[in-house]
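*Asks:* One structure is given below, represented as structure tokens, and several questions about it will come after.
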Amino acid sequence: MDVRRLKVNELREELQRRGLDTRGLKAELAERLLAALEAEEPEDERELEADDDPGLPGHNNEEVETEGGSELEGTAQPPPPGLQPHPEPGGYSGPDGHYVMDNITRQNQFYETPVIKQENESSYDRRPLDMEPQQQVYHPELKTEMKQEAPPSFLPPEASQLKTDRPQFQNRKRPFEENRGRGYFEHREDRRGRSPQPPAEEDEDDFDDTLVAIDTYNCDLHFKVARDRSSGYPLTIEGFAYLWSGARASYGVRRGRVCFEMKINEEISVKHLPSTEPDPHVVRIGWSLDSCSTQLGEEPFSYGYGGTGKKSTNSRFENYGDKFAENDVIGCFADFECGNDVELSFTKNGKWMGIAFRIQKEALGGQALYPHVLVKNCAVEFNFGQRAEPYCSVLPGFTFIQHLPLSERIRGTIGPKSKAECEILMMVGLPAAGKTTWAIKHAASNPSKKYNILGTNAIMDKMRVMGLRRQRNYAGRWDVLIQQATQCLNRLIQIAARKKRNYILDQTNVYGSAQRRKMRPFEGFQRKAIVICPTDEDLKDRTVKRTDEEGKDVPDHAVLEMKANFTLPDVGDFLDEVLFIELQREEADKLVRQYNEEGRKAGPPPEKRFDSRGGGFRGRGGGGGFQRYDNRGPPGGNRGGFQNRGGGGGSGGGGGNYRGGFNRSGGGGYNQNRWGNNNRDNNNSNNRGNYNRAPQQQPPPQQPPPPQPPPQQPPPPPSYSPARNPPGASSYNKNSNIPGSSANTSTPTVSSYTPPQPSYSQPPYNQGGYTQGYTAPPPPPPPPPAYNYGSYGPYNPAPYTPPPPPTAQTYPQPSYNQYQQYAQQWSQYYQNQSQWPPYYGNYDYGGYSGSTQGGTSTQ
């Protein structure tokens, strides 16, 4: 698929199919789609390799996100056997010497080059380029899409018009609204009716649990762990580049003199971050308790040494040691044999930085300290003692944690064995109802379950700078940052459905469709809904308090829409239990019904996905057009589409009561005679007229008209109507007696108006095949002269045909003022029709008194 040749609509369709964001300019959409395609490519490549040689080891499918194309956090795939170390700069040799890493850099190349590199690969090994025959990978789905593309040399007429019109829409900017916070973007995501794909089962790795390694259960969802469990890196695509990502080791210690090493293998390129982002590449290394979060150094009993040359604990940062960056090796030492204290110190490339922390053993309470790392856009590797030689010299008297007897190591919390043991709690409630407060308290009161809170607030906690939350005085666009955090959350939810953990989904979740959509991927979990529904007075007080603390988070119109659509969950196919925390079910039902009524009264009418005013979209089909305006004609008719490529049912001649469109095919179209068979003011068809690109029929040679017998009664004079006439109303019928045209001969049910005498006469003329004639009231005029308009051929009048005998009905004549009023309204109507200036702008509509439509044609 050549993404650069896709149109904007096609790009959006491809992104929507993958669950990606469809907003942005064409260049951004193409960049996003290319990144998704590159992320999908390794999975297809591995599947083909497995089919070619099923005997190769290590072909377990890597976890790949079901939507969005980004790779899910998990363990990485080892390289095929026989791949030798490749000692190029920026890579590293693994502990067994089989492979080196490089494609961490490649996962973000799409931000700096037009050709998108692989965003997230199964592992960050360095593979020689000649061993990656990506051009041989077969993509049947992509090939099908390429067949549907038009050849680059061919552009239909409408395509060029659309291309010229498109930039004016791309340059429009949405007005900035300061009160678009995290709740607003959660609300927008909940309104989207996506159907999630069922998650694939997580691969079960046969890993020796007695080894000290990175714990895949005690790490962030967006931290990717290699299959050897000694290295990892974070996701960095889009908003993930703002996030810290942490991981802890599987074993800790509480006695002895223990150490481990950490090497920064690469600073991953994140050129999509703004230049104002402070410290886009940082690593913090140290120790923490098993009960601490992954945010190293930002809470008690969490001790870290950062690459900015600072140490931190409980979010208190102090200068310490030297700064460190890519390719530096940091040694971490814990000395439990210093009397009543525990001393933590660090080395940089073998140079001792001094004692960083002294902790009282009583404060620890006999709890073990675990190796811990927190990274931001960096790939790291640990040496717990599995390497034959350390990276750098180790302080005398210290032992690598891997070399300690198993009895002296303390295993961290072990995760659930199956999904049936896992639990997901879905919070349900309006903004500021207290969902986040309840979730934090519940997680703290159940530390053994290690709840992962999935919410925008938790995402923002991982975007801290120097331990401080980003506030609205953030240098960039706050609403853009919040929107990126919401997108990160959506991907984390997809990742979470494949991991055996306990979760709390901290969002509003008031839409019934959102509740169902978010719970279905967690099939097999214990799925529970936690409804926070305070009284209306409490909700108002909490909203005011939250606004004072954080600013206005959700616009009022979004809150009203949530109220109008608030649905209390029920136990059913996607929920095993529903718990009400404040108001119970009966009281909550009454309050929710009140909210529904309040929201429906205050909000706009419900949106319609499709317009019911016509068939098809904008007249592209044969059964009618998607109407740009309301129906203003008689019943059964539509105002017409702008672009009709179909036949009679659209804006062409075959459709009844249409305003008339621009028809590019032969099944209808603008007729040569404007006031002909589909007269605009005809009560039966009410079509304004059609234009046909077909060659004009030449009129017959000029013949003298036969003598006209005097009519028994005057024919119906022209009556005038400025707009669409309802059935039975009077109409202005400009009867034409040109051969080949059909004048309106229907008799209105209400008598029309006859202009006062003396009458006027407009001779018929030919203007480039656009013919119109007027027949004056009796007595009949002499044969009209022929006019020649420049290069247009002379008019050859056809034989005059006398009009049919009129009916015996008489028509009262209106006053001159009424006629002038109708003419003025007719002129005003055509002044508003700026969409068809080539056809109507220079047309002479009679030049009669009171008309402002224009004089004679200047063509």
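Cβ atoms here come from the backbone N, Cα and C positions, even for glycine.
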*Asks:* If you check Swiss-Prot for omega-N-methylarginine, which of Arg546, Arg632, Arg645 comes up?
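*Replies:* Checking Swiss-Prot against Arg546, Arg632, Arg645, the omega-N-methylarginine entry points to Arg645.
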*Asks:* Where Swiss-Prot marks phosphothreonine, which residue is it, choosing among Thr210, Thr437, Thr508, Thr567?
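*Replies:* Annotated as phosphothreonine in Swiss-Prot: Thr210.
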*Asks:* Write down the Cα-Cα distance for Thr210 (phosphothreonine) and Lys450 (SUMO2 cross-link), rounded and given in Å.
*Replies:* 22
*Asks:* Round to the nearest Å and give the CA-to-CA distance linking Thr210 (phosphothreonine) with Lys271 (SUMO2 cross-link).
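*Replies:* Computed Cα spacing between Thr210 (phosphothreonine) and Lys271 (SUMO2 cross-link) is 40 Å.
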*Asks:* Which one of these recorded sites has the most other Cβ atoms within 10 Å of its own Cβ: Lys271, Lys450?
*Replies:* Lys450
*Asks:* Sort out for me which one of Thr210, Ser513 has the most neighbouring CB atoms within 10 A, since those are the modified residues we care about.
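*Replies:* Compared across Thr210, Ser513, the most Cβ atoms within 10 Å surround Ser513.
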*Asks:* According to DSSP, collapsed to three classes, what secondary structure does Lys540 (SUMO2 cross-link) have?
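*Replies:* For Lys540 (SUMO2 cross-link) - judged by DSSP and reduced to three states - the answer is helix.
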*Asks:* Work out how many Å separate Ser513 (phosphoserine) and Lys540 (SUMO2 cross-link) at their Cα atoms, rounded off.
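*Replies:* Rounded to a whole number, the Cα-Cα distance is 26 Å.
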*Asks:* Kindly report the helix/strand/coil residue split of the domain 'SAP' (3-37) according to DSSP, in that order.
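*Replies:* Looking at the domain 'SAP' (3-37) with DSSP, the answer is 25 helix, 0 strand, 10 coil.
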*Asks:* I need the CA-to-CA distance for Lys271 (SUMO2 cross-link) versus Lys540 (SUMO2 cross-link), whole Å please.
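*Replies:* So the alpha carbons of Lys271 (SUMO2 cross-link) and Lys540 (SUMO2 cross-link) sit roughly 43 Å from each other.
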